[in-house]
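**Q** Structure in structure tokens, see below.
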Amino acid sequence: MIILGFESSCDETGVAAVCTQRGLLAHALHSQIAMHQEYGGVVPELASRDHIRRIVPLTREVLAQAGLRREDVGAVAYTAGPGLAGALLVGASVAQSLAWSLGLPAIAIHHLEGHLLSPLLADPRPEFPFVALLVSGGHTQLMRVDGVGRYVLLGETLDDAAGEAFDKSAKLMGLGYPGGPALSRLAEQGDASRFDLPRPMLHSGDLDFSFSGLKTAVLTRVKAATREGALDEQARADLAAATQAAIIEVLAAKSICALKQTGLKRLVVAGGVGANSLLRQRLAEVLPRMKATAYFPPLSLCTDNGAMIAFAAAERVKAGLANLEQGDHAFTVRPRWDLAELERG
């Protein structure tokens with residue numbers, strides 16, 4: 001079966017075609033970063049309008065790339081949440097309309113399940129069970145994954161997500177949007193040892209995270225350096241390096257602890273922060289000593305994208321967990337949706 005997937009939960013419009021037998025056939029993505037830069041963050045109304053402009057041309061592009069006709073598609077999938085309500089409605093409306101017009105089933109997919117399963121698109125593909133570190137702008141969670149639809153929450157952030165810590169710290173340093181990648185680039189020129197920053201909950205004994213205290217510590221350092229007239233470019237680079245080092249140390253340590261507690265030897269890292277080179281380097285150094293392996297999605301699939309949505313739908317179909325009845329195509333979106341609430345069937 002060929003599944004056409006749509007992602008529009010925030011500021012990326014993604015469309016992809018996935019075959020349940022052959023895998024990813026084609027995908028296309030449009031990022032709204034340039035549009036939102038002048039505002040310093042995502043403007044929901046502008047995001048929704050841009051999704052409307054982009055989603056149909058991207059769909060045509062994917063069908064052309066894969067050499068498909070509309071009649072070749074066997075099902076349609078879309079992100080139903082969590083995300084921005086207006087943005088979600090664009091993708092859901094297009095997906096449901098297309099499914100209705102072609103007489104196809106429409107499969108609602110949890111955005112985080114898309115991220116969670118995206119490393120299965122990599123080669124080699126991790127086998128179940130594994131520990132998953134789901135780390136993005138809005139979420140930081142450790143999950144035990146025993147199969148498609150079989151997820152157990154091990155730990156999560158109690159306040160800010162890791163991606164938020166990157167973005168908010170970058171904003172405090174006067175860096176542009178998106179802040180996380182800008183901070184990571186600047187950190188390459190810095191000395192992390194110049195600033196001593198806290199590692200919140202590093203030794204808490206559980207698998208939860210907290211990054212709000214780190215953000216406060218960065219604010220304190222920025223204010224102090226500004227008062228002293230010492231917040232020059234090198235100081236900002238050093239502070240960026242120290243901030244990144246603190247976040248990555250906590251993420252890596254908690255992931256290692258999760259592997260030890262579960263006895264598993266496979267760690268899957270998913271979400272936008274999974275593209276961070278220091279995180280990849282740190283895990284690549286430490287995990288082999290534990291005879292464990294880290295798996296990452298391809299860099300092009302770390303951000304939000306349609307491929308992960310179409311692929312998650314394909315995995316659900318193969319596992320017998322997707323509702324393939326056409327129904328009346330009435331739908332809702334869920335801006336807030338805990339992955340633990342996800343039904344298996």
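The backbone N, Cα and C atoms fix where each Cβ goes, glycine too.
Take a look at what Swiss-Prot says about it:
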type	residues	note
BINDING	His111, His115, Asp304	Fe cation binding site
BINDING	Leu134, Val135, Ser136, Gly137, Gly138, Asp167, Gly180, Asn276	substrate binding site
**Q** At a 10 A cut-off on CB-CB distances, which of the binding-site residues Asp167, Asp304 has the highest count?
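**A** Comparing the binding-site residues Asp167, Asp304, the most crowded Cβ belongs to Asp304.
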**Q** Just report the maximum Cα pair distance in Å for the recorded substrate binders Leu134, Val135, Ser136, Gly137, Gly138, Asp167, Gly180, Asn276, no decimals.
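**A** Taking every pair among Leu134, Val135, Ser136, Gly137, Gly138, Asp167, Gly180, Asn276, the longest Cα gap is 17 Å.
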**Q** For Asn276 (substrate binding site) and His115 (Fe cation binding site), determine the Cα separation and express it in whole Å.
**A** 15
**Q** From the Cα of His115 (Fe cation binding site) across to the Cα of Gly180 (substrate binding site), what is the distance in angstrom?
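**A** Distance (Cα to Cα, whole Å): 18 Å.
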**Q** If you measure from the Cα of Asp167 (substrate binding site), which of the binding-site residues His111, His115, Asp304 is the nearest?
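**A** Ranked by Cα distance from Asp167 (substrate binding site), first place goes to Asp304.
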**Q** Just to be sure I understand the packing, how many Cβ atoms besides its own are within 10 Å of the Cβ of His111 (Fe cation binding site)?
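**A** Its Cβ shell of radius 10 Å holds 26 other Cβ atoms.
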**Q** Indicate whether Asn276 (substrate binding site) is helix, strand or coil by DSSP.
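**A** It is coil.
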**Q** At a 10 Å cut-off from the C-beta of Gly180 (substrate binding site), count the other C-beta atoms across all protein chains.
**A** 26
**Q** Cα-Cα separation of Val135 (substrate binding site) and His115 (Fe cation binding site), in Å?
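**A** On Cα coordinates alone, these residues lie 9 Å apart.
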**Q** Gly137, Gly138: which of these binding-site residues has the highest Cβ count within 10 Å of its own Cβ?
**A** Gly137
**Q** Within 10 angstroms of the C-beta of Ser136 (substrate binding site), what count of other C-beta atoms is obtained when all protein chains are considered?
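**A** Taking all protein chains shown, Ser136 (substrate binding site) has 24 Cβ neighbours within 10 Å.
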